[in-house]
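Quick notes on the structure that follows.
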Amino acid sequence: MQASQFSAQVLDWYDKYGRKTLPWQIDKTPYKVWLSEVMLQQTQVATVIPYFERFMARFPTVTDLANAPLDEVLHLWTGLGYYARARNLHKAAQQVATLHGGKFPETFEEVAALPGVGRSTAGAILSLSLGKHFPILDGNVKRVLARCYAVSGWPGKKEVENKLWSLSEQVTPAVGVERFNQAMMDLGAMICTRSKPKCSLCPLQNGCIAAANNSWALYPGKKPKQTLPERTGYFLLLQHEDEVLLAQRPPSGLWGGLYCFPQFADEESLRQWLAQRQIAADNLTQLTAFRHTFSHFHLDIVPMWLPVSSFTGCMDEGNALWYNLAQPPSVGLAAPVERLLQQLRTGAPV
């Protein structure tokens, strides 16, 4: 399919069916679009909307975000996952405040230099908010292009990604780039979906190789399978009345900057920790274990609950706090921690 025909059909479809009333599309600014694009990485629109609205209510400008404590940013992000995005968001806001006087940059080089912003995200920010001519290549766009032009291979491979970038550059029109880029994302999200694509409703159906051959399932190529390693972590749920001991993780690494229960490799290490602090372990109870899967390994979590009668010996770590179940503080929590806290709120753990 010729590039001009491709873009014309996509734009015509967008004018009729595309999404035009998402929260970040109303009174668009580079800041709003940046925030939405970071949230939309690895996350669907329906999930992102309430998070976006909460962030905009609390941080209406990039300076507000830059001046906020990281704990508060992570707290508002809790549940959205991939927390490195939130840490990079905060770093980038501070960079904008420091280097650009609080005005979101408007050149590709400056936007792409922000933490957590790559080529596609930078292109999306500048094209969607300012109409600047930059192609994009997010997951939805990769899928549309790979199927239409039968580009084989996993897009994570550099040579495959380069082919898709070349196609994206070719089909992105000189005029209407803002509508076109939004249309491509909408097309991938609404029509050219991962499974059960609605080919009969697609504006590209007559020129799409995958549609003609009914081979959409082959494109884009899947990531080579790998067996994820398994690890075990013992979480200590130390509870005093309505409060539970949490400790902040180091700034980088797993759950960086988030609050978590004290974690141990095995039960013996956990009991040693208690003994060193002269905390009796007589009532230590194992709760139901569960699995939490990261992108690179499985973590089998074994919660160990222990009610204590006083705080003595529990607060020797400077990064620890007693988390009030009834009046929770504004701190970021790892998803399994939130799950266990909710379990404690509902009554006796099981």
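Just so you know, glycine gets a Cβ as well, placed from its N, Cα and C.
What you are looking at is a predicted structure, and each value in this text was computed from that prediction instead of being measured.
Listed in Swiss-Prot:
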type: ACT_SITE; residues: E37; note: active site, proton donor/acceptor
type: BINDING; residues: C192, C199, C202, C208; note: [4Fe-4S] cluster binding site
type: SITE; residues: D138; note: site 'Transition state stabilizer'
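Positions of the features from Swiss-Prot, shown on the structure.
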residue: E37; record: active site, proton donor/acceptor; contacts (Cβ under 8 Å, 6+ apart): T121, A124, I125
residue: D138; record: site 'Transition state stabilizer'; contacts (Cβ under 8 Å, 6+ apart): L40, Q41, S120, T121, A124, M185, G188
residue: C192; record: [4Fe-4S] cluster binding site; contacts (Cβ under 8 Å, 6+ apart): N140, R143, V144, R147, C202, W216
residue: C199; record: [4Fe-4S] cluster binding site; contacts (Cβ under 8 Å, 6+ apart): I191, Q205, C208, A211, W216
Any further residue of that chain within 8 Å (Cβ to the Cβ centroid of C192, C199, C202, C208) of the recorded [4Fe-4S] cluster site: V144, R147, C148, I191, P197, K198, L201, L204, Q205, A210, A211, W216
D138 (site 'Transition state stabilizer') - helix vs strand vs coil (DSSP): coil
Assigned conformation of C199 ([4Fe-4S] cluster binding site) - DSSP reduced to three states: helix
